[in-house]
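What follows is a single structure, written as structure tokens, with notes after it.
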Amino acid sequence: MIENILIIDNYDSFTYNLYQYVGEISPNIEVYRNDKITLEKIEEMNPTHIIISPGPGFPKDAGICIEAIRKFGRYIPILGVCLGHQAIGEA
């Protein structure tokens, strides 16, 4: 199975470290800023995994992240790093 990984970027430079590390496992990675992607676009992409990056602020400041976790978290594995992990807890 070819993995299709979505990284939701919460405006943090560490996002591209995640991109590089994950790229060693799977070349199929797309990165979108938390305010530049919609739930519909995520559904279209049909990701096998979602990574939610670190970022400044609080989960409520993380754009679409909480909505995405609520909608897709039951059937798509989601990894949250720092703010992303907090967003999982908030959702």
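Cβ from N, Cα, C; glycine included.
What you are looking at is a predicted structure, and each value in this text was computed from that prediction instead of being measured.
As recorded in Swiss-Prot:
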type: DOMAIN; residues: 4-91; note: domain 'Glutamine amidotransferase type-1'
type: BINDING; residues: Gly55, Pro56, Gly57, Gln86; note: L-glutamine binding site
type: ACT_SITE; residues: Cys82; note: active site, nucleophile
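Each of the binding-site residues Gly55, Pro56, Gly57 was assessed for Cβ neighbours inside 10 Å, and the highest tally belongs to Gly55. The binding residues for L-glutamine are recorded as Gly55, Pro56, Gly57, Gln86; their greatest pairwise CA distance is 12 Å. The sparsest Cβ neighbourhood within 10 Å, among the listed recorded positions (Cys82, Gln86), is found at Cys82. Those same-chain residues not listed among Gly55, Pro56, Gly57, Gln86 yet with C-beta within 8 angstroms of the centroid of the L-glutamine site C-beta atoms are Asn10, Asp12, Pro54, Phe58, Pro59, Asp61, Ala62, Cys82, Leu83. Residue pair Gly57 (L-glutamine binding site) / Cys82 (active site, nucleophile) shows a Cα separation of 11 Å. DSSP places the residues of the domain 'Glutamine amidotransferase type-1' (4-91) in helix, strand and coil in these numbers: 35 helix, 17 strand, 36 coil. Cα to Cα, Cys82 (active site, nucleophile) and Pro56 (L-glutamine binding site) are separated by 10 Å.
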